[in-house]
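Read the structure below first, then the notes.
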Amino acid sequence: MEVQLGLGRVYPRPPSKTFRGAFQNLFQSVREVIQNPGPRHPEAASAAPPGARLQQQQLQQQETSPRRQQQQQQQPSEDGSPQVQSRGPTGYLALDEKQQPSQQQSAPECHPESGCTPEPGAASAASKGLQQQPPAPPDEDDSAAPSTLSLLGPTFPGLSSCSTDLKDILSEAGTMQLLQQQQQQQQQQEAVSEGNSSGRAREATGAPISSKDSYLGGSSTISDSAKELCKAVSVSMGLGVEALEHLSPGEQLRGDCMYAPLLTGPPSVRPTPCAPLAECKGSLLDDGPGKSNEETAEYSPFKAGYTKGLDSESLGCSSGGEAGGSGTLELPSALSLYKSGALDDVAAYPSRDYYNFPLALAGPPPPPPPPHPHARIKLENPLDYGSAWAAAAAQCRYGDLASLHGGGAPGPGSGSPSATSSSSWHTLFTAEESQLYGPCGGGGGGSAGEAGAVAPYGYTRPPQGLAGQEGDLAIPDIWYPGGVVSRVPYPSPSCVKSEMGPWMESYSGPYGDMRLEPTRDHVLPIDYYFPPQKTCLICGDEASGCHYGALTCGSCKVFFKRAAEGKQKYLCASRNDCTIDKFRRKNCPSCRLRKCYEAGMTLGARKLKKLGNLKLQEEGEASSATSPTEEPAQKLTVSHIEGYECQPIFLNVLEAIEPGVVCAGHDNNQPDSFAALLSSLNELGERQLVHVVKWAKALPGFRNLHVDDQMAVIQYSWMGLMVFAMGWRSFTNVNSRMLYFAPDLVFNEYRMHKSRMYSQCVRMRHLSQEFGWLQITPQEFLCMKALLLFSIIPVDGLKNQKFFDELRMNYIKELDRIIACKRKNPTSCSRRFYQLTKLLDSVQPIARELHQFTFDLLIKSHMVSVDFPEMMAEIISVQVPKILSGKVKPIYFHTQ
């Protein structure tokens, strides 16, 4: 026989109540009660007529042993009325049940043979309609049974409606007996000090004081220790106890029981304590009774999904009323979150779509049933995707979702003529996984004849026959014929994404509005996607306005004016990555000034605004005048603008974000060896790669690209960028006599031979000498380096090829503007542009040779003891083979 270990002592369990596991105890007992209700329910006893109850009581008293009769003592209630404390047939103390008001019994029933006389408080109890609970016939002697949860009735009234089997499970051995002596002392002190009426009545009648009286002190309240135990029992059973803390016992907080019976309603709608198990499980998933409608509306899809399989089941319960009647309350399966009746007037937000889930609903959601006036269960309304679906569709990547909302625009699948022609286009995904783009965001009401209509980006939609194919997408080899490109011919893909992801961050420079083309159709106003900024772009403090070309606060405005106009050079004491916020903006002036430049601040912003106004004014005067001085006036205006643009904001940003000097960590005291030199080069490459990523993310317009395109462009162009930057350092530091990889790693002729890459080093030194021969200026170097980032792409194209092409062309225009800044002769500008573009083309063959060298070195690195950092090894092993196999090719300006 198995035994249960309680807090008090070891006591035997009935054989039928032996379980293994806490949750198995709970659900198996509940299942047994549902299947075999038995006569243990208090309703079964209360529904019997008074005569039958009297006969049953007489029979029970005759069969009760003398020792058992001594244990069944009468206990006065708070108002002095006697109550009988009985034990259930399983040998455990039962919970005190709430006595139903009865009009059929006017006096306390007492068997004439027992010789009991009614106490003085009995008459008052009878007048109030209270009745005694008859004792249940015992199965065995249970004098050692614990009196645990029978003491918790006044504090946890919700448990009073639970079944007897559930009470048996909750009645563990001697849980409250540890505190019984302390409570008895407290009760004695309270009895002496207070001298309540119930105590005087017991002393007058000489009635013995029951164990419950001695524990509770004749009142319905319990100590803090008992409350803590009550909370522990409730938490172990998955019950919400938050509501018990702020409500007094007199408020009768019903419905917080595990099965949530609606005891606050009229008797006709009160369910039985034995609610279905599905409702019990559903209630355990909720957060508790203290949640508001607005908070729980966010998680309604998840709760509705859990109870989806229970939609066909009725979760209502029936019970007997006061006069033996019964009623049924039907509740939907999603009604599992409790709330008080005071919160019923709080409006939920059924149309709010927090997670932008594109759920396709077959029809409008059914209206929820009206809540019961006394019900304490929150009615969860399904998500309403009617009028609010337009806002959700506008945030999706694919424009065709905008036609799904109920705003009056027909779309595919809505019964319009376009439903047939667009049936092969899924609303969320393309027909084939290999397609690069999704459905373009045109109007929802097109027909089959409008398949070639112009999309927002100028792309055309293919006819129905090509809907599931690549459309008229050009062959990748035709994009860059012969590896030469002047202006990339745009293909006409079947569809294009309308990317509006978080990577498309706004930039206040000249390319900040690049993504806001006037041809793009927005479902909602542009302010919906880009809310007006109200914080300083430098420190995050409250912005006072647009100062020097950026939205900043007054402090950063004054700092930039003084720092930009002053002659003082700021140096960062750290690694040029200090945190600049409201509280630490004064710690590092160097990083603060760099962040100002990154935000687009410049001293000429005010002058540019004045010149722009002057230009508009002069153009207006020139258009209205008919004098022969019209042409000279226009030339004068252009000359003023071009003269100012010799120092554009673009160059200020490039100068501010240029990475600093990176050391390789090479030990020059050790003798040079192949493994040591190459390991130091690999370590330097990984360190520089981190700076390249930060530099690229700060470039104007770079984040307008798709996030996958950003990663691809950096992984393909990192070698060319490092070679180009190393050539510039060699030119400026050692006059191109040696290769200046890092201050602690400079390659001379000996190291070039020792590294076994002499031919590659010679070509890199020749590139460095080109900077001196062509007299490259720092402004030209910065722009060429930025353009080199956008000079190699996959043959199949990027995910957002149009943005990439526009960004590359804008950088080419910036380079041409820098060239034309100091040259007035167009022929000289063209010659200079030719020289610089030829220099850019010469970087690609060098980078390809280095790609081949590093890939071969990685394969045999374990043989030559050369260390490869993890990030470098991953890029070389994954991305470099694509370049060597021809899947990724550079973009040349001239024929090779």
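Including glycine, each Cβ sits where the backbone N, Cα and C put it.
Checked against Swiss-Prot, the range among 536-556, 641-661, 725-745, 872-892 recorded as zinc finger is 536-556. Outside the zinc finger (572-596), and at least 6 residues removed from its termini, the chain residues within Cβ reach (under 8 Å) are 538-541, 548, 550, 552, 555-556, 559-560, 563-564, 656-657, 660. Of the recorded positions LYS697, ARG729, ARG729 has the largest number of other Cβ atoms within 10 Å of its own Cβ. According to DSSP, TYR892 (phosphotyrosine) is assigned to a strand segment. Reduced to three states, the DSSP call for LYS697 (site 'Interaction with coactivator LXXL and FXXFY motifs') is helix. THR854 (17beta-hydroxy-5alpha-androstan-3-one binding site) sits 26 Å from LYS697 (site 'Interaction with coactivator LXXL and FXXFY motifs'), counting Cα to Cα. Cβ neighbours of ASN682 (17beta-hydroxy-5alpha-androstan-3-one binding site) (same chain, under 8 Å, six or more residues apart in sequence): VAL866, ASP867, PHE868, PRO869, MET872. Mean pLDDT for the zinc finger (572-596) in this predicted model: 90.
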